[in-house]
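Taken straight from TrEMBL:
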- 8-267: domain 'Cytochrome c assembly protein' (DOMAIN)
- 12-29: transmembrane segment (TRANSMEM)
- 36-53: transmembrane segment (TRANSMEM)
- 73-98: transmembrane segment (TRANSMEM)
- 110-129: transmembrane segment (TRANSMEM)
- 141-161: transmembrane segment (TRANSMEM)
- 173-195: transmembrane segment (TRANSMEM)
- 215-230: transmembrane segment (TRANSMEM)
- 242-263: transmembrane segment (TRANSMEM)
């Protein structure tokens with residue numbers, strides 16, 4: 001159990017492990033539904049996480065006693081499968097919103113002015129940070145600019161010859177992928193919370209202590225439970241459903257990054 005442990009016991013390891021899991025799930029969906037365009041909205045997220053992960057401590061150290069538990073392995077593995085599934089759902093839902101908004105024969109050339117304006121803004125921010133920002137902030141900003149640049153080139157290559165609405169999959173297919181990804185991920189997320197409780201009881205003698213990570217995991221669970229209920233009864237669909245998934249993904253980011261980086265608690269080891 002020394003240094004030979006699964007690669008998810010600190011933030012760097014988890015940011016290296018998560019992309020593999022998310023990409024594997026995406027490739028399955030790509031094969032199942034025979035659509036590749038969703039990757040243009042999904043893969044930049046994965047690439048950014050890989051680049052950002054190298055900002056944190058890359059040392060591999062032996063596990064502390066509290067982490068030497070197979071309950072932990074099962075808990076974190078289930079959590080990351082849930083994270084990956086929700087991220088794929090976000091990719092499909094965001095693509096749906098793009099499809100819906102550009103389904104009226106809006107040519108890509110109408111976006112050129114907006115893209116140039118964004119470039120000017122980013123260039124100005126970079127100039128300011130060069131004079132005043134810290135090294136970490138500069139590194140992070142350059143990573144964001146790099147990903148946005150690649151994304152812009154990719155979008156140009158994919159969409160330059162056709163209207164965006166005609167290149168993307170149908171809205172019904174995108175909505176189906178988004179919902180099914182959540183429907184599969186939700187019970188796995190539920191299992192991760194239960195397994196986390198078993199691990200916490202073994203390590204600290206309590207199944208639930210309202211740790212910030214536990215609280216946000218519960219918030220994410222309640223949010224997507226409401227989403228599944230709304231979709232099932234037909235109350236939320238189409239654009240509304242997609243925006244709700246986007247909101248859930250923001251909560252997921254807070255649960256994963258915000259809690260680990262900014263809230264002290266039992267999961268603060270993840271930032272070490």
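Glycine is no exception: its Cβ is also placed from the backbone N, Cα and C atoms.
The transmembrane segment (12-29) makes no contact with the transmembrane segment (215-230), as judged by fewer than three Cβ pairs under 8 Å among residues 6 or more apart in sequence. Within the chain carrying the transmembrane segment (215-230), a Cβ under 8 angstroms from the stretch's Cβ atoms is held by residues 79, 86, 182-183, 185-186, 189-190, 192-193, 196, 236, 241, 244-245, 247-248, 251-252, 254-255, 258-259, all 6 or more beyond its ends.
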